[in-house]
Amino acid sequence: MIILRVVNVAVPLKRIDKIRWEIPKFDKRMKVPGRVYADDVLIEKMRQDRTLEQAANVAMLPGIYKYSIVMPDGHQGYGFPIGGVAAFDIKEGVISPGGIGYDINCLAPGTKVLTEHGYWLKIEEMPEKFKLQRLRLYNIEEGHNDFSRVAFVAERNIEKDETAIRIVTETGTLIEGSEDHPVLTPQGYVYLKNIKEGDYVIVYPFEGVPYEEKKGIIIDESAFEGEDPQVIKFLKERNLLPLRWEDPKIGTLARILGFALGDGHLGEMGGRLVLAFYGREETLRELKKDLESLGIKANLYVREKNYRIKTESGEYSGKTVLAELRVSSRSFALLLEKLGMPRGEKTKKAYRIPVWIMEAPLWVKRNFLAGFFGADGSIVEFKGTTPLPIHLTQAKDVALEENLKEFLYDISRILEEFGVKTTIYKVNSKKSVTYRLSIVGEENIRNFLGKINYEYDPKKKAKGLIAYAYLKFKESVKKERRKAMEISKKIYEETGNIDRAYKAVKDIVNRRFVERTIYEGERNPRVPKNFLTFEEFAKERGYEGGFVAEKVVKVERIKPEYDRFYDIGVYHEAHNFIANGIVVHNCGVRLIRTNLTEKDVRPKIKQLVDTLFKNVPSGVGSQGKVRLHWTQIDDVLVDGAKWAVDQGYGWERDLERLEEGGRMEGADPDAVSQRAKQRGAPQLGSLGSGNHFLEVQVVDKIFDEEIAKAYGLFEGQVVVMVHTGSRGLGHQVASDYLRIMERAIRKYGIPWPDRELVSVPFQSEEGQRYFSAMKAAANFAWANRQMITHWVRESFQEVFRQDPEGDLGMEIVYDVAHNIGKVEEHEVDGKKVKVIVHRKGATRAFPPGHEAIPKIYRDVGQPVLIPGSMGTASYVLAGTEGAMAETFGSTCHGAGRVLSRAAATRQYRGDRIRDELLRRGIYVRAASMRVVAEEAPGAYKNVDNVVKVVSEAGIAKLVARMRPIGVAKG
């Protein structure tokens, strides 16, 4: 199979010096050049995605000054690159949510969007249903399919005289959308208008089934009568009770149950009810993700085992790897039992397919079967061009023969609903009775692979998808030959001339085919003898993860008969989704110092990190300890960190050491939607997950003694770094205003070089309203970090039994935002101008003397905080005049990812990373080992390189380096 790697070669680069590059104005729409700060290694990383293209697109926006800038930690974002900086005139320029911190794809109504559970929804149905969906997508970096929650669904009116592009592939796959809608090809993303007949597009070859809604309760509390009340409490906390048909989690549970009936065991172990699954390590890792999505923890055990087997032909020995995934939660084990999982040895138990599965909508049955075949179904195999039968073999004690047959007949009846006919027959076995269900024949196998396929086993799944694409391709060739047969017959009947009959179809078939059709009465055309075998097809057309390249055979420009286009935005960094089978496309940091040294803290580091983990809520969807209703957070949005201090979370002087004093003037809570407030209210005072963290660090190197002294830093000192932002509220604000701006952009006639690069005039009603909402989100983030600071101080007091203020000296060094837009005054061509600076994944870096810097730091410059990746160094830098002159007072914000989170989990194991860090003297406490794997040091660029570039460029000055000794992560 092919590994797809997208390399951007379209954007020219001119080297200025060792660490500066220029993107010349190669496109006449560019108003300014691009400026990139990177060494040779970092620039190559940027060439591999759309970073440079996005920087060039930003240079086309109205009112931009000097350069479109990319910092050394830059990588592809949404519209703007992450690590991007741009300044726009406040009168003539624009404002863009994508340039402040956000990560949309326009398609025709009727387009089928594939979801996690293998059912599809029409894109126009998504606005009502997207909150419940996770969509399938193609993770290019990893080369496999993945899932993402939907950030938003946007729609826009089709402009007068606007046309759409419709493309059709060789197997009949069709997609229709606006000219500038990007689709994935083997060469990277290409706009629909640039696709030509004969080009290839990347397809996810899975048909799925339509969504069918069913309402009602499957299981409620009454099913657990007599059980410990803690069981019900546990399930309710995870929204697993009551179980309703309309909950998408039903698809996940059906998949898990299917796999459990194949390769699972429910039984007593050491007096406890335990649920265990068996299989290959990579299969169980996929299953573990599903369990974790339900809030169920599972432990994976992998070990090598020596084996020795005696057979009639000889004795064999070797090593095999055994993997087991164990769920110790009695509550979940009981739930799965109630859903139909038998307790004890399955071969000794009589059971049927659960009634709720038999009565479920087709999409639920699909998930059950895919899980079951993922465990016990045979992988699809071919002999040349012909698929061999897919088998499902089951065994039971002889006394349960009738029950075994009934069980397989249940499976057969469900399969028939998908157009899959089967045969069931007995297989000879010595100790038990064994029956086999077989899917035989090309049409049945094609229907199985295209509508059901396998789940959990990546190898089975990928091969099954490519096999389905092959069988579709084969069928399309046979259909074309059938058509040639009919044409040649008709012409021969009309003319009696075989030469004419052959001439009409010679581009499709050879003369011998026409002769067989006319003289021998051939009725069922076969593929030609030189037709690709499956293995050849997989090698030439198959991509990792089961994706396939299909040739485009028809491209049309059409006048839409509908009045709207639709877009979907996803959270995943891949920024795509699967439509009709085709792949289409304020955070901040705070540093708190202490009077403690490593010698003081090292003996208590485990206790300290555990206490921080306990006192500061963290993890996916984590909720704060403060309970505010969404109607009560307006004061937070207006006053930011000041609100938190007024409520007792910190000291009045804290506000002097925060960017903007922890509060941006002009925030308007009425500009923030109810949905955003509902998402933010329960998360206030929480860390979140992903790359957000609390880190206990030691200052291990001072580069500038004078500035370090001004910042209160000394070698050997213990400090705490906090990285978190505005949580779900900020993301929702961006989602809301992207939709608003999509509708407004044409009204203002703003150039739109990239559909992701939505913007409106800064002085427009929409622009000002968004700016007010962005300020409110920034204030929420400052309040959030202020509350966390308070709990950090309390944690130190709890562990060291000393007063945070009088004894420990726990002062804030500084707090910087790195996804924000600011109105600032800068010098351009010798004149002072007011601009709206967009910093996306970039940090403000003002020089000595600037009035926006706290008085205590005004002589040395603004502190700049650069977090490294988990287990690597972080840095404190100082703002410089160089930054003011070159980058609108901006510098980098961190290391920048080189592996997606999912790629990191495949390459690293969380427990091994944790253990390795512990050997290096770094204690890690995390909500899950998955998060540790996602944030492995190897998933990021080398922060030392990034910092070296900005230092050499003179856009920040090195002050101090810190190394971690303890990490708390969500």
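Placed from the backbone N, Cα and C atoms, the Cβ positions cover glycine too.
Taken from Swiss-Prot, the feature Mn(2+) 1 binding site applies to ASP103, CYS587, HIS692. Look at Swiss-Prot and you will find 256-420 tagged as domain 'DOD-type homing endonuclease'. Under the heading Mn(2+) 2 binding site, Swiss-Prot lists CYS587, HIS723, HIS818. What Swiss-Prot records for 691-695, 818-819, 867-870, SER874, 893-896, LYS969 is GMP binding site. Annotation source Swiss-Prot lists active site, GMP-histidine intermediate at HIS893, citing similarity to another entry.
Counting in whole angstrom, ASN819 (GMP binding site) lies 12 from HIS723 (Mn(2+) 2 binding site) by their C-alpha atoms. Here the binding-site residues are ASN819, SER869, and the one ringed by the most other CB atoms within 10 angstroms is ASN819.
Ranked by CA distance from HIS818 (Mn(2+) 2 binding site), the binding-site residues LEU694, SER869, HIS893 have HIS893 at the top as the closest. Within the same chain, residues at least six positions away from HIS893 (GMP binding site) with a Cβ under 8 Å of its Cβ are MET71, ASP73, GLY83, VAL589, HIS818, GLY841, ALA842, THR843, ILE866. Looking only at the binding-site residues HIS723, HIS818, the densest Cβ neighbourhood within 10 Å occurs at HIS818. For the domain 'DOD-type homing endonuclease' (256-420), the model's average pLDDT works out to 94. You'll find the Cα of SER869 (GMP binding site) roughly 11 Å from the Cα of HIS723 (Mn(2+) 2 binding site). The Cβ of LEU694 (GMP binding site) has 27 neighbouring Cβ atoms from other residues within 10 Å, across all protein chains displayed. Across the fold, the C-alpha of HIS723 (Mn(2+) 2 binding site) and the C-alpha of LEU694 (GMP binding site) stand 7 Å from each other.
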